[in-house]
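Enquirer: Found this in Swiss-Prot, in case it helps:
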type	residues	note
DOMAIN	1-61	domain 'TGS'
REGION	242-533	region 'Catalytic'
BINDING	C333, H384, H510	Zn(2+) binding site
Amino acid sequence: MPVITLPDGSQRSFDHAVSVADVAASIGAGLAKATVAGKVDGKLVDACDLISNDATLQIITPKDEEGLEIIRHSCAHLVGHAVKQLYPTAKMVIGPVIDEGFYYDIAYERPFTPEDMAAIEKRMMELIEKDYDVVKKMTPRAEVIDVFKARGEDYKLRLVEDMPDEQAMGLYYHEEYVDMCRGPHVPNTRFLKAFKLTKLSGAYWRGDAKNEQLQRVYGTAWADKKQLAAYIQRIEEAEKRDHRKIGKQLDLFHLQEEAPGMVFWHANGWTVYQVLEQYMRGVQRENGYQEIKTPQVVDRILWERSGHWSNYAENMFTTSSESRDYAVKPMNCPCHVQVFNQGLKSYRDLPLRLAEFGACHRNEPSGALHGIMRVRGFVQDDAHIFCTEEQVKKEAADFIKLTLDVYKDFGFSDIAMKLSTRPAKRVGSEELWDRAETALADALNESGLEWEYQPGEGAFYGPKIEFTLRDCLGRNWQCGTLQYDPNLPERLDASYIAEDNSRVRPVMLHRAILGSFERFIGMLIEHYAGVFPAWLAPTQAVIMNITDKQADFALEVEKSLNGSGFRAKSDLRNEKIGFKIREHTLLKVPYLLVIGDREVETQTVAVRTREGADLGSMPVAQFAELLTQAVSRRGRQESE
């Protein structure tokens, strides 16, 4: 007689084993219809699974995060059902859930086309309308093998081989189609109505380019059609903001096949880049950092000593010269330790903060490259703080404050902070981990802001703090990091003279605020849709004459503004003023200055914003003051 305890503390007794669905039905017909699965003693199970002993139970519905994930996973199985009906010779591989959706990898004799994707989606809708039950059968291993052998599902058989200890497996039947999964899955296709297939791509078996190529069908699924519509609208907005598209429109950069994953910065984009670099240079100088520069190409010996060669060699670009092996640096930290090691260091020299706008190169797979967001050549606002263990908390607290201030300057105020703690495989004593985690946690607490733990997600040598920004579309971008590291100083023999004249290893804090400049600029482009705040805009003001008679004054204004440190250009083309205004509005120039006869006579400029606001005529000095205020606000709102 199982006694079922519900989340509100109420209990229900049964005189026999009972399924999750039966418990839901005993509560009410509405809940029974909405039941996707259950959580029994904290473990997710199918709605059809039986509960034989006393247990706690949470009914999972589409409103729950777990329910939504189950819907997405079941939609992947539905893709399999539709594909096997339309393309019987296709072989199904895997269909996992991903962020906001799912995909299914499929082996087929030819690449799928957009027309194929439309046909698969149409068949999925037809199958959903049949309103059939999804049937789960726990099946002995030998029978599972027989099922997939009979169906010619070679990849499923390989997956079974990967699980030698599993003697029974869950098979989920969508009518004649069967798939293997740990589950749980929806009990009926009625839960799958709010879905859409989104794109096709190639993939490789087990993610290895040496293996056979597969087709990957991506999709998204939601609890209801309202949520689906909101998601589609968000995706459409994201497509409009695609940094690759805007980068071309605003003449910021380009990429080309001859240099995969390397950015060709155009004048406009390089201006944005330089503004970022000069801003970060000033921030670091004001906060006690020394800027250094280290070599691009370093002997293999250093990478072996640092441990990167054994763990990271396949991602490094290498070369040989005069019987020596070299690597283009994928990161700056070993080189910064070399700078620290030059000359004897005392405890009085600590903390020592070394910063570099370090150009790094990593041999990322070509399929992983994405515009300027994921590249092979990039520059980081990289710095390393060498300090005593007692100084860690203050250095971390100062870094947290600095990082949040920088993000505000770029217009980001929704920041999530997470502390990743010791993983199962780690080096160092428990006492050292305790002290390191406590120091970082105390520093986070000093910020007065919310943060959360990520248990087990730290590096094998130390805990770390991660900063994740949420942009205007609600997307999360992990940018800043502070990594506690006693390991690299040990490997590279860094030390300082302590107060008692003993040699002691410093703690090394790896830190970055923006991360990769390339990726951060891509984020800014999409966050602002190219409508940069005045301080970041490649051109801050354009001066336009109505007729040739005003050309000389327009050039005077341009010279005056540029002489004051602004970025201004004049447009003296023999075009209608309305045409010029429209063109520069589309180019997202913050301020449009129009000069006619009256402005020449009064030595003023007629000021418009790219949003269409008419600010009226004013002396150039007054406009310069207005622009100064806009630039000084950076990305902050006037109220901040």
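Just so you know, glycine gets a Cβ as well, placed from its N, Cα and C.
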Enquirer: On a count of neighbouring CB atoms within 10 A, which of the binding-site residues H384, H510 is highest?
Expert: H384
Enquirer: Within 8 Å of the Cβ centroid of the Zn(2+) site residues C333, H384, H510, which other residues of the same chain have their Cβ?
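Expert: Other same-chain residues near the Zn(2+) site: M331, N332, H336, V337, D382, A383, Q483, D485, L488, M508, L509, R511.
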Enquirer: Give the mean pLDDT for the region 'Catalytic' (242-533) on the 0 to 100 scale.
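Expert: Here the predicted model's pLDDT, averaged over the region 'Catalytic' (242-533), is 94.
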Enquirer: Including all protein chains displayed, how many Cβ atoms other than that of C333 (Zn(2+) binding site) lie within 10 Å of its Cβ?
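Expert: So the number of other Cβ atoms within 10 Å of C333 (Zn(2+) binding site) is 20.
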Enquirer: Using DSSP, how many residues in the domain 'TGS' (1-61) fall into helix, strand and coil?
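Expert: Helix/strand/coil tally for the domain 'TGS' (1-61): 14 helix, 24 strand, 23 coil.
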Enquirer: Reduced to three states, what secondary structure does DSSP give H384 (Zn(2+) binding site)?
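Expert: The three-state answer is strand.
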